[in-house]
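Annotated in TrEMBL:
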ACT_SITE  ASP23  active site
ACT_SITE  ASN71  active site, proton acceptor
BINDING   ASP23, GLU210  Mg(2+) binding site
BINDING   24-28, ARG36, HIS40, 68-70, TRP72, ARG74, ARG191, 197-199  substrate binding site
Amino acid sequence: MPSATPGGMPVPRQPAHLAIVMDGNGRWAQQRRRPRMIGHRAGARAVNRTIDFCLERGIAVLTLFAFSSENWGRPQDEVDALMKLFLAALDREVDELERRNVRVCFIGERARFSPGIAQRMARAEQRTSGNRAMTLNIAASYGGRQDIALAARRLAEQVAAGTLLPEQVDEQRLGRHMALADLPPPDLFIRTGGDTRISNFLLWQLAYTELWFTDVLWPDVDAATLQQALDAFAQRERRYGLTSAQVAPPATETVSP
Ligand code: IPE
Ligand code: IPE
Ligand code: MG
């Protein structure tokens, strides 16, 4: 439900954490009879528009799915071209993120990237670590199942070392070893490109996230598309397994002056 300002004006509910599966770059290019890479380049421009939109709206955390664990299986020339694009973007965009006061973090299996890319990721994280306007998480070589498996491995190591009992393994402890553990989970998930699936994005973290899908291809995403998602989110009632009556805010008395 929308909360109210002291003046009585309703404040629309807005996500604090937005997570996006940026899909449809290849089809966008195919529609134009251009190589898929042209779609990925146009997709990079949509990333910048999305960052600006989130900064304008005061969204605190934006998590973008840039490259999945499974995307390594694409044709080698597409993977190579994506790595080149990634490298160029890392070189080009860090100053821009710095100027916009955005902190960038990468989640996923970093060891699979070339040393050049891995170093630039680390440098981008260090350089922007003090920025406060927004946290931008980029999921690269990321898989939700892998995220859960690695967290389980951490706990198994503690059990093997004798510092944790098996019966102490619970949701909280497992969750603390998952990616983004230091942030609130996503409130709103957006997938562009017309498919209605999660494709191994944040499986654990999306447990109670509101899902929103659009046919718009990622390179065509603009403020109007993103606003449509926020408008849909503002209408949702998040019940977390409870009843509507339990989660509804108490009715406030309106006293007219
Ligand atoms: C998403 O666009 C970007 C990545 C997965 C790297 P796609 O490349 O999946 O585009 P479509 O789905 O083929 O149109
Ligand atoms: C999901 O898109 C991954 C990213 C957007 C990075 P895919 O294009 O890889 O997903 P599927 O293959 O349609 O499930
Ligand atoms: Mg796709």
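Note that the numbers count up from 1, one per residue, in the order the chain is shown.
Quick reminder: no glycine exception, Cβ is built from N, Cα and C everywhere.
Projection of TrEMBL feature records onto the structure.
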residue	record	CB count, 10 Å
ASP23	active site	20
GLY24	substrate binding site	25
GLY26	substrate binding site	20
TRP28	substrate binding site	23
HIS40	substrate binding site	22
SER69	substrate binding site	19
ASN71	active site, proton acceptor	17
TRP72	substrate binding site	13
ARG191	substrate binding site	23
ILE198	substrate binding site	16
Recorded positions close to ligand 3 - of ASP23, ASN71, ARG191, only those whose C-beta is under 6 Å away: ASP23
Neighbour count (Cβ, 10 Å) for GLU210 (Mg(2+) binding site): 18
DSSP-derived class (H/G/I helix, E/B strand, else coil) of GLU210 (Mg(2+) binding site): strand
Cα distance (Å, whole number) from GLU210 (Mg(2+) binding site) to ILE198 (substrate binding site): 12
Those recorded positions of ASP23, ASN71, GLU210 having Cα within 10 angstroms of ARG191 (substrate binding site): ASP23
Local backbone state of GLY26 (substrate binding site), from DSSP in three classes: helix
Length of the line joining the Cα atoms of the residue listed as 'active site' and ASN71 (active site, proton acceptor), in Å: 12
Listed binding-site residues adjacent to ligand 1, that is, members of SER69, TRP72, ARG191, GLU210 whose C-beta is under 6 A away: none
Sequence-ordered recorded positions from ASP23, HIS40, ILE198 with Cβ under 6 Å of an atom of ligand 2: ASP23
